[in-house]
Amino acid sequence: MTDGRDELMETDPFDAAPLRLTVNLEALAENWRDMAARSGRARAGAVVKADAYGLGIEDCGLTLYEAGARDFFVASASEGETLRAYAPEARIFVLSGIWPGQEKTFFDSDLVPVLASEEQLAFWMSVLAEHGPYPCALQVDTGFNRLGLSVDEALALADDVSRPTSFEPVLVLSHLHSGDTPDAEANRRQLDLFRTVSAAFDGVEASLSASAGIFLGPDYHFDLTRPGIALYGGQACIGMGNPMRPVATAEARIVQIREAKAGETVSYGGTHRLARDSRLAVASVGYADGYLRNLSGSGIPLRASVPAGAFGFIAGTRVPVLGRITMDLTIFDVTDVAIPAIRAGDYIELFGPNMALDDVAAAAGTIGYELLTGLGLRYERRSLGEDDI
Ligand SMILES: *Cc1c(COP(=O)(O)O)cnc(C)c1O
């Protein structure tokens, strides 16, 4: 039967989606190879927590594995369980450690807990007593005051001759709090402390640097690096160019284009009054899609300190958000775009190759990490691999 309905169903949902996200896996693989090269003699791992920074742990995990990554970091055991199918021979470290009751998940999926406190260590020793040798990693706090054994606790553990032989740390790690600021003195202090700790764990691999630390140079690389945001195209260090390739492109469809007169107002609260006759594009993206209300052009407290709201990109032109972003819709000023160049149904790029993720995030007073991990469920997603480009 070939009635009209069958034909309709053949449309690729991506081509008809009100809101869509393209993940460029080829760029992701290139970014990993770039990070691996910048890691010098150290191996580069890959951080894929929070669903690979919102971009999809399955496709991203497999792409990174095929690019050569063999050390992965996730936040939780359930993320590790998901990843295992896509990274069969890799070591998967669980940054939040292990809780009683999770042993089976760790053993079944061959996950390595990153132990960060005396309590976790004590629990871990009881697990080893029951089940025998199993690898673990140790996180040491060198000044972040987040997770980790204190330096003194770590040194005492390294010297503890009574620790069971089944206790097999395979990695000791720490995390820089100001790696994104290359001049920060704290980096050097954390480095010195971490050197002391890693020396005490003779024969155990050491890891200090996330994306930003990789840019701080070879002193910071140790045996294994832990890039995250840079893999996904985000900016790792403040005040330097971003050498990474953009990976994610978010686009919203224009539902309606409308003409409005000077003096009229736009969106909730009427906070933006048009200074000229204007053409407005109403696009199907809102704060429910992680297009944060703080990206609004006006009508929010943040505009006092960050005067410009977000811009979209269409037909070679940066177009500003006008007034408040609403739950499902955002209004862009497209007055400066020549009218034959855009129509309802066209897509406005929210971020991607033409509109840097970090610039958009900055307009909301936040960072690319938060924008990516908050994208929400309404995007139609497409992955581009080597075969698709
Ligand atoms: C998130 C995280 C990373 C990755 O950080 P990026 O800045 O995204 O590169 C590395 N190590 C730890 C402990 C983390 O929590």
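Numbering starts at 1 and runs along the chain as displayed.
Placement of Cβ uses the backbone N, Cα and C atoms for every residue, glycine included.
Look at TrEMBL and you will find Lys49 tagged as N6-(pyridoxal phosphate)lysine. Residues or ranges marked as active site, proton acceptor by TrEMBL: Lys49, Tyr268. As annotated by TrEMBL, substrate binding site applies to Arg146, Met327. Per TrEMBL, domain 'Alanine racemase C-terminal' is recorded for 247-384.
It is Lys49 that, of the recorded positions Lys49, Arg146, has its Cβ surrounded by the most other Cβ atoms within 10 Å. For Tyr268 (active site, proton acceptor) paired with Met327 (substrate binding site), the C-alpha to C-alpha distance reads 11 Å.
Sequence-distant contacts (6 or more apart, same chain, Cβ under 8 Å) of Met327 (substrate binding site) comprise Gly286, Tyr287, Ala288. Residue counts for the domain 'Alanine racemase C-terminal' (247-384) under DSSP, helix first, then strand, then coil, are 29 helix, 48 strand, 61 coil.
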